[in-house]
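Here is what TrEMBL records for this protein:
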type: COMPBIAS; residues: 492-503; note: compositional bias 'Polar residues'
type: DOMAIN; residues: 26-476; note: domain 'Major facilitator superfamily (MFS) profile'
type: REGION; residues: 479-516; note: region 'Disordered'
type: TRANSMEM; residues: 21-43; note: transmembrane segment
type: TRANSMEM; residues: 93-112; note: transmembrane segment
type: TRANSMEM; residues: 124-143; note: transmembrane segment
type: TRANSMEM; residues: 187-207; note: transmembrane segment
type: TRANSMEM; residues: 219-238; note: transmembrane segment
type: TRANSMEM; residues: 324-345; note: transmembrane segment
type: TRANSMEM; residues: 357-375; note: transmembrane segment
type: TRANSMEM; residues: 381-401; note: transmembrane segment
type: TRANSMEM; residues: 413-435; note: transmembrane segment
type: TRANSMEM; residues: 450-471; note: transmembrane segment
Amino acid sequence: MSASKEAICASTEKDLEKPPLGCFATRYFVTFMLFLGMANAYVMRTNMSVAIVAMVNHTAIKSGDEVFDDECGDRDIPIDDSQDGEFPWNSALQGYILSSFFYGYVITQIPFGILAKKYGSLRFLGYGMLINSVFAFLVPVAAREGGVWGLCGVRFIQGLGEGPIVPCTHALLAKWIPPNERSRMGAAVYAGAQFGTIISMPLSGLLAEYGFDGGWPSIFYVFGVVGTVWSIAFLMFVHEDPSVHPTIDEREKKYINDALWGTDVVKSPPIPFRAIIKSLPFYAILFAHMGHNYGYETLMTELPTYMKQVLRFSLKSNGLLSSLPYLAMWLLSMFISVIADWMISSKRFSLTATRKIINSIGQYGPGIALIAASYTGCDRALTLAILTIGVGLNGGIYSGFKINHLDLTPRFAGFLMAITNCSANLAGLLAPIAAGNLISDPSKPMMGQWQIVFFIAAFVYIICGTFYNIFGSGERQFWDNPEDDEQKPALQATSTTTPQRLSNGAAPPTQAITSS
């Protein structure tokens, strides 16, 4: 009888070590909602890139400083002036409009990272995206009544609302996703960025051509409704962590908390600012993130303009074709994430080696592609194919530096992401401004100016990726060790033995680890 009881207990403990509930686990629902949130965020971020092509009156400024490429002698593709919009904004002004969103976005990163660490991430994320979505309805009014600066003001506020999306998403992933699932789940969530871009660009092109209220305003009305619905659903159905979820299966709660060093009973320790400032692996992530954002924002904000000015695609096909590179990035990011998790779980590669190899694909790939695309000249098909492959390979970053914060410090991952994402978007907001000023000079060859734009982005990708390979790490840092936290006095008085470690290096959840 006793042997039978022990066998049952052993079997139960073994079952608890396995991921429970399969595809219906609560953590997968949270992952799915975060995926949709990331998609909504990037819809709001990218729809202006397509809309502005329809908003601008290209005929009115053609004699000024907007230039179309006439360097290809065999090019017989007409410039379609029938798609002219309402506003005579030159390329430089368009660059400032496209970057205005990011000014609001970057200044909220670190504050929300700190606040989320102290008060939780859920409501900051949900209400921030609700503000972003509601102000989308005001974009057409702001553009028509307030002009350039009125539009910039609304886009700035939208950026403020979207500020919590990345640090708060990272903090929620740290609370919900066990280490052995991070590559897949992290890539799945951040692949929402590509999914949102895939949806936004072609649909924005169709709405600009066939939508109501003059076409382009319908882009912001439609996506404003979608974002509002998601924000309300997120606030209603998602919870801060497994411990406060009212209906989560107890087996799944134990599985997550055991894997995350008993986070259901861990109090939030103070942020080790000095140690973080001295950490080279942190700077490796920081520079990789900055390099990625500069290159990515160059393509995301300027690719529709390149499609029209140089490749001469119509507005409808512009949105569809501009989304192809991001479709490739979405698909490849999911495929690469499975390979990354296999590399880790098979023990063939260390976590550090895996992150560096996968990140090299994600940053060297688009860098080389941008250099190659700058030499394709008048070949539209080849240019689009190279850019699609390059941006597709960029999907490797989601299993590289983008999830690396969770490796270094699960408990401070949201704060680290706030710092790197803020710095990265400061670099990213320079991209449309630099490109806008480079391509606005009518005295210089248009294709040559775009070549400079591509070269700058390519070298930033490659240099920052190399820095990450030299100084990056996949190991948990010494300054985020729960064993160094002070225990509660009551626990110290009753504990007579040294706490044992779990097989994964975690402290058992029954041995509560807290800090003063």
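Quick reminder: no glycine exception, Cβ is built from N, Cα and C everywhere.
A contact between the transmembrane segment (381-401) and the transmembrane segment (357-375) is present, since 3 or more of their C-beta pairs, 6 or more residues apart, lie under 8 Å. Sequence-remote contacts of a segment are chain residues at least 6 beyond its ends whose Cβ falls under 8 Å from one of its Cβ atoms, and for the transmembrane segment (124-143) they are 37, 40-41, 44, 48, 55, 86-87, 108, 112, 115-116, 150-151, 153-155, 157-158, 160-165, 168-169, 172, 213, 216-217, 220-221, 223-228, 230-232, 234-235, 238. For the transmembrane segment (187-207), the most Cβ-contacting stretch among 21-43, 219-238, 324-345 is 21-43 (pairs under 8 Å).
Per-stretch counts of Cβ pairs under 8 Å to the transmembrane segment (413-435) identify 93-112 as the leading one among 21-43, 93-112, 219-238, 357-375, 450-471. Under 8 Å from some Cβ of the transmembrane segment (93-112) lie the Cβ atoms of residues 45, 48-49, 52, 56, 124, 128, 148, 151-153, 155-164, 166-168, 297, 301, 305, 418-419, 421-422, 425-426, 428-437, all in the same chain and six or more residues away from its ends.
Counting same-chain residues at least six beyond the ends of the transmembrane segment (21-43), those with a Cβ under 8 angstroms from any Cβ of the stretch are 125, 129, 132-133, 162, 165, 169, 172-173, 176-177, 185, 188-197, 199-200, 223, 226-227, 230, 233-234, 237-238, 242, 245, 247-249, 251-252, 256. Mean per-residue pLDDT, taken over the domain 'Major facilitator superfamily (MFS) profile' (26-476), amounts to 82. With a threshold of 8 Å between CB atoms, the same-chain residues lying at least 6 positions outside the transmembrane segment (357-375) that come near it are 288, 291-292, 295, 299, 336, 339-340, 343, 349, 383, 386-387, 389-401, 404, 450-451, 454-455, 457-459, 461-462, 464-465, 468-469, 472.
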